[in-house]
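Some notes on the structure that comes next.
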Amino acid sequence: SGMSWSWGWASAGSSILAEFGTLHLEFLHLSELSGNPVFAEKASFSHLDVMNIRKVLNKVEKPQGLYPNFLSPVTGNWVQHHVSIGGLGDSFYEYLIKSWLMSDKKDSEAKKMYDDALEAIEKNLVKKSAGGLTYIAEWRGGILDHKMGHLACFSGGMIALGAEHAGEEKKQHYMDLAAEITHTCHESYARSDTKLGPEAFRFDTGSEAMATRLSERYYILRPEVVESYLYMWRLTHEPKYRQWGWEAVKALEKHCRVEAGFSGIRDVYSTTPIHDNMQQSFFLAETLKYLYLLFCEDDVLSLDDWVFNTEAHPLPI
């Protein structure tokens, strides 16, 4: 409609990091295809002050080097100091490293922002549980919430993708971190009765990598965990990632397949799950595509030639 909406729930009309930070790949490619620079310019300019969105983010003061999820489109300042690698923040981070890759490694500003952001995340948010599981906590005004959302589980794949291009001294460190996070996300699946992971899982009550709240026990066919399996497989070729992917396939078949397609389930800890009667669009776009690619040869949509946007649509490098 050409009208812009700032939804009320978004912290009093704020702009959301994952939304304004997740335009680069598509709009740059659109400009390339159409020969019209306007799209690339739109991704780079915000309506705040016709300044590059990225320049605004580079310049604005970041608490502990972290990017909060809400920014005021009026003042250009952060609205709340809530930081999450899951919902509201997630794709902003992956688009920094992916912008650099898609530019054939010429967009050095994006790479530096990614490196700095990951350093801040590791310093402030990455924790190890008593049981030895590495996870990424959420941050609310300096107080850690020891919970990880299913949405944050894409980060294993992102960190592995970035590790490929880190300096030699950092490469192994980041590959190890990526493997640990992916392992934790697999545990959230392995510890449920359906072998599917909950919407969010916690590390604060003695039980680990499990949902402790009724409102977080559902699974809506989300792709993020199998997305990390794909990247880890492509970059390490360790057979366990294909085994874990196959576990997910079997669980989807067993618990989510219904007569007309696949459905989310309301409680991953129930062996007779109740279906929510919804097949989300990302199930086809992402979940099945990542699973399919996990069992393909590496030259099918090779990571050397393609970058996947946040909904798994391949864009050429």
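Placement of Cβ uses the backbone N, Cα and C atoms for every residue, glycine included.
Pulled from TrEMBL:
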BINDING   T310  Ca(2+) binding site
DISULFID  C153-C185  disulfide bond
SIGNAL    1-18  signal peptide
C153 (disulfide bond) and T310 (Ca(2+) binding site), Cα-Cα, nearest whole angstrom: 13
Spatial neighbours, same chain, of C185 (disulfide bond) - Cβ under 8 Å, 6+ residues apart: M148, H150, C153, G156, G197, E224, V225, S228
Of C153, T310 (the recorded positions), the residue whose Cβ has the fewest other Cβ atoms within 10 Å: T310
